[in-house]
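Pulled from Swiss-Prot, these are the features on record:
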- His41, Asp108, Glu119, Ile120: Mn(2+) 1 binding site (BINDING)
- Glu80, Asp108: Mn(2+) 2 binding site (BINDING)
- 124-139: motif 'Nuclear localization signal 1 (NLS1)' (MOTIF)
- 184-247: motif 'Nuclear localization signal 2 (NLS2)' (MOTIF)
Amino acid sequence: MEDFVRQCFNPMIVELAEKAMKEYGEDLKIETNKFAAICTHLEVCFMYSDFHFINEQGESIIVELGDPNALLKHRFEIIEGRDRTMAWTVVNSICNTTGAEKPKFLPDLYDYKENRFIEIGVTRREVHIYYLEKANKIKSEKTHIHIFSFTGEEMATKADYTLDEESRARIKTRLFTIRQEMASRGLWDSFRQSERGEETIEERFEITGTMRKLADQSLPPNFSCLENFRAYVDGFEPNGYIEGKLSQMSKEVNARIEPFLKTTPRPLRLPDGPPCSQRSKFLLMDALKLSIEDPSHEGEGIPLYDAIKCMRTFFGWKEPNIVKPHEKGINPNYLLSWKQLLAELQDIENEGKIPKTKNMKKTSQLKWALGENMAPEKVDFDDCKDVSDLKQYDSDEPELRSLSSWIQNEFNKACELTDSIWIELDEIGEDVAPIEHIASMRRNYFTAEVSHCRATEYIMKGVYINTALLNASCAAMDDFQLIPMISKCRTKEGRRKTNLYGFIIKGRSHLRNDTDVVNFVSMEFSLTDPRLEPHKWEKYCVLEIGDMLLRSALGQVSRPMFLYVRTNGTSKIKMKWGMEMRRCLLQSLQQIESMIEAESSVKEKDMTKEFFENKSETWPIGESPKGVEEGSIGKVCRTLLAKSVFNSLYASPQLEGFSAESRKLLLIVQALRDNLEPGTFDLGGLYEAVEECLINDPWVLLNASWFNSFLTHALR
């Protein structure tokens, strides 16, 4: 039979059939009848489409080969014969441009004249039996069915045969010829008898031998063999069954499974209120660095030495003054804290010998800023259980905050490239196995795309600050230790660079439990005027501390330099995770790898090189009010990294809850897009669970806004 197929059919058809069988894990040397059936079906699909065009007036015309008008639009789009991913892409494209309903199963053709998908069937049995099987499988009135047999019979939906008599006769003649050729070689009987009913992929796999015995032994109770269980599963109606089971559980439970349709979901309700404020542990897009290139000073690498060297690069210091007070704080204390820091650094310089660490004097302003002696005294419960009015503190409900544009700007900035390199390629030994070679190639490509990214700077900054703060918290528990906020990078030319963002002063830190809090005051340099977005800086007291000369197109311009000061706190567990922010690189690399794997499995070869080097291709990045945003593979890498970094920087119970609950809603919407007819009960309860996490967190509110954009475009 295999030889006959290769002689009888066009080599292109044979090649497509081989690919299709390979895709479903079938061996054409064994399944020779299936090989012949696939080739026959492909040929009928191609013949159905041949010579049929649509002219400029939108009329269907037949044009024989060699005709000069052959540049007309093809009447039929051929879907059969393409690999699954490409075929679904074509189907989705047709649905988007024509408004046709998306079919559940891949059809064979699309008819641009009648605006409908067509399912072609070729049967060795009775046409009406095969027609009913097809209709039963597809369950869609929108897809047109047309069945041909090897005996010259045909059957089509509503007896609408689509094509003219002559075109259909050509197909019937070809099928009759194939039958005659098979019969003359003694192949027809086997081929005719081998046809099974319309089958799904799962049914094609025959289980025999040991696996069959294991299958029969592994059934749920009350099933004697695999066939009985399969029959039960095929006839299973999940929605009704779940309703029935729930009603048996309790009289109070009454869940009706409601169909989830395009019109069912509503947008998430974002809270009203004043705009949300910045709550990260350090400044992001607004940070300013004082930097030294090619550091080679004495004590290079010791934070305090590096910090003093960076401070010396700036000459524009001036008498500080408050430009944006903190509404609830004692603002002069913040001002005095900065003045104290400058004075104590000056003392170090005057002494000439710089110590490795610096503990600040415990002044009244620092004691206030670090909450010294502010914690209520702890009393043993046994000593006060007789107190009649003993009760827990009344805690206020958190104030609702609305989404503000600054958080989207922060995210956009995190995705951008800087002019510095923040991570090096790992120095890893020679690859031993091919898989290691592919892995290190992917890692190197990915690193090249993200090494200049601002999100990578945030990772290195976060790792440094959390490591330094945790070390100081353990090594100098009672001291108000000064911790410079430092990062290191390379310039594009490869020169080393040390950057100072500002300082942290740590409070008392007797951290016994993971969640015990250490207070700290952060003082960070910036060129951002806080009066432009005062709501963003609600938690900060901002000082003007100097003037910085900047090079611009107009020559040198002077800009005021600000110091953003605030009291903050963290815990051992938060610092531990902050120290491990490099994991964000790994997480986003794994997401990119899964995209490469999907592409590679379709193409049947490793696509890493093509994936990163094909600069013309664009990929979906995310949803915005405009629709699906697309960008280069580098932009995708940086966006995924920025999302992972922001999940770390803005980690909170609100984010945990929103991620877990919105994921359920997302899966239901995905099921709807995949035509899986999802059903839900208590959808209102799910919305409630999602929306109770939308309180005041800027990152959660932004994600909720993205989710609404996704809903809008996914359900068009």
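Cβ atoms here come from the backbone N, Cα and C positions, even for glycine.
Feature annotations (Swiss-Prot) mapped to structure.
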residue: His41; record: Mn(2+) 1 binding site; Cβ neighbours (10 Å): 20
residue: Glu80; record: Mn(2+) 2 binding site; Cβ neighbours (10 Å): 22
residue: Asp108; record: Mn(2+) 1 binding site; Cβ neighbours (10 Å): 23
residue: Glu119; record: Mn(2+) 1 binding site; Cβ neighbours (10 Å): 22
residue: Ile120; record: Mn(2+) 1 binding site; Cβ neighbours (10 Å): 21
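Residues 103-105, 145, 147-150, 153-155, 191-192, 195, 197-198, 200 of the same chain sit 6 or more residues outside the motif 'Nuclear localization signal 1 (NLS1)' (124-139) yet have a Cβ under 8 Å from a Cβ within it. Residues in the motif 'Nuclear localization signal 1 (NLS1)' (124-139) partition by DSSP class (helix H, G, I; strand E, B; coil) as 12 helix, 0 strand, 4 coil. Same-chain neighbours of the Mn(2+) 1 site beyond His41, Asp108, Glu119, Ile120, judged by a C-beta within 8 angstroms of the site's C-beta center, are, in sequence order, Val44, Cys45, Glu80, Pro107, Leu109, Ile118, Gly121, Val122, His146. It is 10 Å from the Cα atom of Glu119 (Mn(2+) 1 binding site) to that of Glu80 (Mn(2+) 2 binding site). Secondary structure from DSSP puts Asp108 (Mn(2+) 1 binding site) in coil.
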